[in-house]
Amino acid sequence: MSAIETKQVPLHFEQRDAVSPTDEKVDIDNNGSDTADNGKAVKTDGMAEALLLEPPNPWAPHMFKLYAVLFVCYLCATTNGFDANTFGGLLATPTFTGYFALNSDNEGLVTAMYVIGNCVGSVFAAECADRWGRKFGMTLGSAICIVAVIIQVSSNSRGALMAGRFILGFGAVLVQTSGPAYAAEMSHPAYRGVLTGLYETMFFLGTILTTWTEYGLSYMTNPSSFQWRFPLSLQALPSLVILTFIWKLPETPRWYMSQGREETAKAILVKYHAGGNEDSLVVKVELDEMRELISVDGADKRWWDWTCLFNDRGNRHRFSLVAAIALFGELDLPPTSYYLPLMVATAGITSTKTQLLLNALQTPIMMISALSGLRWIDYFGRRPLLMISSAGMAASVFIITACTAHQAGHPVIGGVGIAFIYVFLVIFAFAWTPCQYLYPSEVLAFANRAKGLAALNLMNNLCKVLNTYVPPIAVKNMNWRFYILYGIWDAIGVVFMYFFFVETRGRNLEEIDAIFDDPHPVKASLAMQVHDTAVKKASQHVEGTLPHEPQI
């Protein structure tokens, strides 16, 4: 790869000095330079210093308005969560598999139709989010999902079921592209890690409701098609809520800035990030950085221009990280949301009710773990948590493999193997669930964000096609040996992340661009973290511990 000319951006960390303990209180002007009360010019650290000088209050009324707005977009992830475990539970429901004559030879294809719909929809998802806005993508995708649910619920043949799943996947990818972009762009910069990480965590709202519904329906004394038609109908619930409230949501300020509507962008930032304070320092820094780096004629205006993901060294690095999230996040283990009943059956548990109970238990356990991980995502950073998580996942997979290989005649060993499936899920959910859309949304520049997220969804779903269609056949023919491949892949992920993943903690979205302009992005991102710590300690030395201080 050839080196490119370094773009001159404001607030580049190499051009800034840490705040000296002897410096007076600093005012930041529109150009990113500071003027102390004593008239001495000093350098600003951009958003990091702005947050120290103007610490936000997470309990302020305007923040709760922001939380409510973001919750609506979180339901885009819930839409996807409904399908994953709904269909996984139905594959263990005799009234469903018998009605559609599903078996190990055809269930992989029927399951994968949702994923295939995702892949096709990915081509159009970026255009919806870029040309007409993030809200439009969420609205159109939700409407399509409702139509798809109606087709599935009324299905009387396998072909109709597959058609409904394809259309559902098509609509779901539209919301899965616009939703995380909306969350990242609307979140307050002090809490972007938590607020954007919550997006994928809300995946489990759908899975919890549907898996426990299926478990309860398994006790019907006179089983009928209601056992599967009702859970399928629940898939429309998040889409209905989104369509009800989407009209009350603002478009993201960054999208307005890209349309040349700076005053509208400022009004949204002032309302949701500053509680109506027109002179907010944080809002001023946000606007300055957006004004500098968001273009009104960028690649986001050209739906056919996907070369923006690869046209220079920095963008190629960004895209490699997005691809890594897809590859290491999806090919870590057979999708337990679909195949946990099959995996526990391999371990010797054949009771349908027990399989459905184990399928239902995984979702609240994973949600608790994901919410716990959010507490530390801004404290430790994305990079170390993902590496530690992948190392733990690799170890868990090897233990699962060993237990599965030696469980014959040893029910205790089989039980240990099942227990480590849940250990794997806890470790995965702690870091990977929050970061699956947080990290790509952060490393992608605005002009590439929708296209990059659409590409992420496409790669996610291509991996899911492979990981959905292959496991039933592979487990049947290779048994425990098949799992070894996943353990090796998880270990490779740790090595890749060490050498190529940058740290994004504590940077505004536009400030992250400076990382990829550096000849050595990983080193630059880690140096930024050291610099931020020095700024924070120096500021605390001057003014003492600040109230409501965010983790940066």
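Placed from the backbone N, Cα and C atoms, the Cβ positions cover glycine too.
Nobody curates TrEMBL annotations by hand; they come from automatic prediction.
As recorded in TrEMBL, the features of this protein are as follows:
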- 16-40: region 'Disordered' (REGION)
- 16-28: compositional bias 'Basic and acidic residues' (COMPBIAS)
- 59-77: transmembrane segment (TRANSMEM)
- 69-505: domain 'Major facilitator superfamily (MFS) profile' (DOMAIN)
- 108-129: transmembrane segment (TRANSMEM)
- 136-154: transmembrane segment (TRANSMEM)
- 160-182: transmembrane segment (TRANSMEM)
- 194-212: transmembrane segment (TRANSMEM)
- 232-249: transmembrane segment (TRANSMEM)
- 356-377: transmembrane segment (TRANSMEM)
- 383-405: transmembrane segment (TRANSMEM)
- 412-432: transmembrane segment (TRANSMEM)
- 480-501: transmembrane segment (TRANSMEM)
Point to revise | Same-chain residue ranges lying at least 6 outside the transmembrane segment (194-212) that approach it to Cβ under 8 Å | key: 66-67, 70-71, 73-86, 88-89, 179-180, 183-184, 187-188, 231, 234-235, 237-238, 337, 356, 359-360, 362-364, 366-367, 370-371, 373-374, 377-378, 433-438, 441-442
Point to revise | Contact between the transmembrane segment (136-154) and the transmembrane segment (480-501) (3 or more Cβ pairs under 8 Å, separation 6+) | key: no
Practice item. Count, for each of 160-182, 356-377, 480-501, the Cβ pairs lying under 8 Å from the transmembrane segment (412-432), and report the range with the highest count. Key: 356-377
Review point. Which stretch, 108-129, 160-182, 356-377, 480-501, tops the Cβ pairs under 8 Å count with the transmembrane segment (232-249)?
Key: 160-182
Review point. Mean pLDDT for the domain 'Major facilitator superfamily (MFS) profile' (69-505), as a whole number?
Key: 88
Exercise for review: Could you check if the transmembrane segment (160-182) is in contact with the transmembrane segment (108-129), meaning 3+ Cβ pairs under 8 Å among residue pairs at least 6 apart in sequence?
Suggested key: yes
Study note, to complete from the structure: Per the Cβ under 8 Å criterion, with at least 6 residues separating them from its ends, the transmembrane segment (356-377) contacts 85, 88-89, 92-93, 193-194, 197-198, 200-201, 204-205, 207-208, 211-212, 214-215, 218, 336-337, 340-341, 344, 349, 385, 418, 422, 425-431, 433-435, 438, 505
